[in-house]
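Enquirer: Straight out of Swiss-Prot:
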type	residues	note
BINDING	14, 64, 444, 445	Mn(2+) 2 binding site
ACT_SITE	64	active site, phosphoserine intermediate
BINDING	125, 155, 156, 187, 193, 263, 264, 265, 266, 336	substrate binding site
BINDING	403, 407, 463	Mn(2+) 1 binding site
């Protein structure tokens, strides 16, 4: 008979953040004798679950998807916006081989470098700072003909806010003594995602043929004319920018075109119009043989160069367990099942070898304040049985209550949710100790600790950017390390299991065995 395993259990209390003020704090207003005792007597620390520490922009609240990806990856997993910000700050962007080759190819052949993208500080589909860096890269590498095709936002930014952005770029080109804004058009045309090809065609013709409904000497003048026609940024009609005596910026064979949007959904259609030989969305008046670069991969079936391919996460916690012939269980309710499986595994849908999964149905209620305990009793029953079974080397469990009930904004319900969790943690702790296992209790982000917005006085239904607790329960004598983050959890678990930490994991163990 096989030896009974002493599992390493990770319990993720979703939306269970740490905040010392009791007011509007469902966690501190709940009766939680079990968690209180664990915090008082067991090794513990606070860890970051938001902002740069999880690969999001500075001070941005965490979320469950990002949280679980970081938990399972054992390294900070940067979102595209932050990844590019970091690359530009550290100047590795300026050495990106795909971008530099594309610029050099055009320069050496006496061809133009065209840059297109959403000129916006919105940071949702693109960021104008990234476009500015691309202009600088092209200029630094000696490109003489640099043409910017500006898509205007007004959707993730105020409806009439493009003027400052356009002026910034016109000033930049003036300072460089080369390059210019060659066209402006609203994102309504250039960034459609619903196969409204008549819109896309207008943006395509504007850039390929240098033909539009309107023409202006400068980008700012073109924008002001659009405002006079009562067009907000998003809806600015195709406008060619060319002063008298300036060369035409129409695209020619051999030119380079770099698309600086990082979000895929609204970048695909216009990219296909440029790249696909068999494109049939509209009859293209001019088909140009371009050296086309996508900033990120917009779709796997678009065959063209990608400056920043998707980061594949090798050796996540789940994969490392499988490689080491360990058994693992993932268990949660419907609401967070994808998080302990797909997201924790770094975006991999298929279970790894030795990975089992248990899904507990979340209750069928309109909103979870009506049943704040959710399915936690059944989840705990199954979790305890799994711990006691001796089958698993490691178990990952998520309790959704703090987050799902926190989102309702109903304080009394959130308190009940937290109290239900305390009862569950008591049973789980006893089960782990009875088999000589180890337990880490943490959260993926905050929520229930802030149930009212202090600024507005309204119910606070969103996540927070506050730290989350991390508690160790087990037989090892350990010392907690300060200053941790979610991506330190996987290395912590491996270290406590006495396993090697793969080199891809840059996180650090937060409990050191003494």
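Using the three backbone atoms N, Cα and C, a Cβ is placed for every residue, glycine included.
Thinking about packing and proximity, how do these listed features fit into the structure?
Expert: Listed in sequence order, 12, 14, 15, 49, 62, 64, 67, 68, 71, 339, 398, 468, 486 are the same-chain residues six or more apart from residue 444 (Mn(2+) 2 binding site) with CB atoms under 8 A from its CB.
Neighbour density for residue 64 (Mn(2+) 2 binding site): within 10 A of its CB lie 22 other CB atoms from the protein chains shown.
Mapped onto three states, the DSSP output places residue 266 (substrate binding site) in coil.
Taking the Cβ of residue 463 (Mn(2+) 1 binding site) as reference, residues of its chain lying under 8 Å away and at least six apart in sequence are, in sequence order, 15, 50, 61, 62, 63, 403, 445, 446, 447. Under the DSSP three-state reduction, residue 463 (Mn(2+) 1 binding site) is assigned to coil, being neither helix nor strand.
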Enquirer: At the level of the C-alpha atoms, what whole-angstrom distance separates residue 193 (substrate binding site) and residue 407 (Mn(2+) 1 binding site)?
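Expert: Computed Cα spacing between residue 193 (substrate binding site) and residue 407 (Mn(2+) 1 binding site) is 30 Å.
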Enquirer: If you measure residue 264 (substrate binding site) to residue 407 (Mn(2+) 1 binding site) at Cα, how many Å is it?
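Expert: Rounded to the nearest whole number, the Cα-Cα distance is 28 Å.
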Enquirer: Neighbours of the Mn(2+) 1 site 403, 407, 463: Cβ within 8 Å of the Cβ centroid, same chain, sequence order.
Expert: 14, 15, 64, 402, 404, 406, 445, 447, 448, 461, 462
Enquirer: Could you tell me the C-alpha distance between residue 407 (Mn(2+) 1 binding site) and residue 125 (substrate binding site) in angstrom, no decimals?
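Expert: Residue 125 (substrate binding site) has its Cα 26 Å from the Cα of residue 407 (Mn(2+) 1 binding site).
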Enquirer: Give the number of CB atoms, excluding that of residue 445 (Mn(2+) 2 binding site) itself, located within 10 Å of its CB.
Expert: 27
Enquirer: Starting from each candidate's C-beta and looking 10 angstroms out, tell me which of the binding-site residues 264, 403 has the most other C-beta atoms.
Expert: 403
Enquirer: Highest CB neighbour count within 10 A among the binding-site residues 14, 156?
Expert: 14
Enquirer: Counting only residues 6+ away in sequence within the same chain, which have a CB under 8 Å from the CB of residue 266 (substrate binding site)?
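Expert: Expected: 125, 187, 191, 192, 193.
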